[in-house]
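Enquirer: Before I ask anything, let me first share the structure, which is written out below as structure tokens.
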Amino acid sequence: MGQTASRPSAAEGDEETAVPTPSSNNTESSPLLTPNTIDQPNSTASSHRRSLKRRLRALPVGNTVTTGLATLLSFFFFSILIYLIVTKHPAHNKNKNSNHQKLTDHLITARNGAVASDVEVCSNIGVDILKLKDGTAVDAAIATALCIGVVNMYASGIGGGGFMVVRHQNGSSKAINFREMAPGAAYKDMFNSDPMLAQRGGLAAGIPGEIYGYWKAWNMYGRAQWKDLFEPSIKLCEEGFRVPWFLGRVMDFEKEWLKTVDKQEWGFLFKNGTDEMLKEGEVMYRPALGKTLRTIAEEGLDGFYKGKVAKNLVRFVREKGGILTLKDMEAYKAEVEETAKVWAFGQEILTCKAPCSGPVLIEGLNIAEGLDMSNDQSGLAVHRIIETMKWLSAGRTELGDPFDSDVSNVARVAEIQSKQFAAMVRRNISDTQTYGWKHYNPSYEFKEDHGTSHMSALDSEGMAVALTTTVNLYFGARICDPETGIVLNDQMDDFSIPGTDNAFQLQPSIYNFVKPYKRPLSSMAPTITVYNGYPSLIIGGSGGSRIVTSIFLSFIKIYQWGYTLLDTIHTPRVHHQLMPEVAFVENGIRDDLVQGLKDRGHTVEKLPVIGSVMQAIHKLPDGDIHAVSDYWRKGGRAAGY
């Protein structure tokens, strides 16, 4: 097996035998990724900045470096940001030897239904919809997501979009694609002269899809009154809510930018009439957004895409240099699609299709099913995990919006999800060494994305929902309409820009170029598993490129290592996205396992946190429902009854 082995094409059957179903024993003797049995090395943000500088000095200099630098800078700075925030969290400080202190009181056990989100008050709102309003899991997920958009406006909100996977109790399933779309006046080369315009200002904003997605889902699966889903969030806007610790830390990290903002737009982040930012625990009000939410609650879909809200939003975006029009708002449609499906680890796995990253999650699970990773104390297991991550990251470079008929890649995307393709990939994985990026044959550059918020919901009748939403970068395009209170997304940054080869001399993907009414590629991958006809695992995450690898690793932890959901979420993670050529591991991984990776040729970088945040629900065979939010990385807490 040479180092230049090409990315295979499926041409023959899988002759390998699958790994037997792992034991359901949840006792971990000395588990691979549990931090509490070892001492953590000292790690500071400054040391990671020094490491970043060393890596940047090693990169080539020239016109082709720009995109590669952007990807590398984005990954490291995002990880540093998460580190600076997490080190202020109580869970971090309770045990100085562990960034991932195991707190069993953050395992929610229920019998009827549950919601897991990254804000405790929002999880509680979702459960209240289930209990008090006779709501379905879809009702609960929508109400929870609306709350997240109010409280964690830096990550998601009705100015953004996302994906939802729904598994109905009758056995049917659908994926709802409400990803933002490029405006009608968008064109392929619009950011060539200044790529930063895709991140900041009006030109960065795509047509928001979140409200359309919720309206579509509610009409298909909702039972509570539409207005009842909005009322709790309207109340938060009008009566105020306490700033969560993570929002407080994000604001503190962004304080230099916040010193420059227009208070008409962002005044809700400050103490009334002053230049002093609100701090954790202080009360924040969002009256303009509350008024907008009330309009949508009363008028439905047209309350957002037509009328006064749409006119104000369009006017504001255009004042900020954007090209959004009322015609664009009226043209927006969310797509209801069949779920992408695979059978692996004894489960039926349901996720979303491209431009979501569900197809490469399926690719990774198919590859892993035929590799023995069942020993959670094995250096070989973590090597195989990293190798699978590299292959699925290469596959991600081939994804794009399948509705762009000019550059359809549907057949190839279907191929990489096949069992035959997975078998051929396994024959290109060595147990003794890793390879340079060319071995995995990515077709195009790896497009980095960011942010997001995920929530999972399960109701008493067995309906399950995995929902991920985003405005992309922190605070989206960094513009907030003062009339509507809506923070606009910067999803145009998730498209590829022609003519900008990256540091690896890989071209931007033709499948992800800007085009009118096209949706950009996304790392989101909300996922549901079904076992014996009932929903088993409802999972998803935030953190851009780390989403898919974290979901993939969660499957290994649960279905090959027999971990509980609590241990799956709180224990350290590993991540590899092929480019940069670095295996990232969170503090807490045993030193001998790190050395095993190095012995196989991996470059390893230890980080306090990788930057992925998971929210999940696991229904056990005895009927108990376990719900866990990633308290250790973002302060979330699930709820159930």
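Cβ coordinates are placed from backbone N, Cα and C, and glycine is handled just like the others.
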Enquirer: Which one of Gly201, Gly202, Gly544 goes with Arg179, Thr470, Val471, Asn472, Asp494, Ser522, Ser523 at the L-glutamate site, as TrEMBL has it?
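Expert: Checking Gly201, Gly202, Gly544 against TrEMBL: the L-glutamate site match is Gly544.
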Enquirer: Given the recorded positions Thr452, Thr470, which one has the fewest other C-beta atoms within 10 angstroms of its C-beta?
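Expert: Counting other Cβ atoms within 10 Å of each of the recorded positions Thr452, Thr470 gives the minimum at Thr452.
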Enquirer: Far apart in sequence but close in space: which same-chain residues, 6 or more away, have a Cβ under 8 Å from Arg179 (L-glutamate binding site)?
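Expert: Non-local contacts for Arg179 (L-glutamate binding site): Gly161, Gly162, Phe163, Gly209, Pro355, Cys356, Gln491, Arg519, Pro520, Ser522.
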Enquirer: To the nearest whole angstrom, state the Cα distance for the pair Ser523 (L-glutamate binding site) and Thr452 (active site, nucleophile).
Expert: 10
Enquirer: Which whole number of Å gives the largest C-alpha distance between any two of Arg179, Thr470, Val471, Asn472, Asp494, Ser522, Ser523, Gly544, the residues noted as binding L-glutamate?
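Expert: Output for L-glutamate binders Arg179, Thr470, Val471, Asn472, Asp494, Ser522, Ser523, Gly544: max Cα distance 14 Å.
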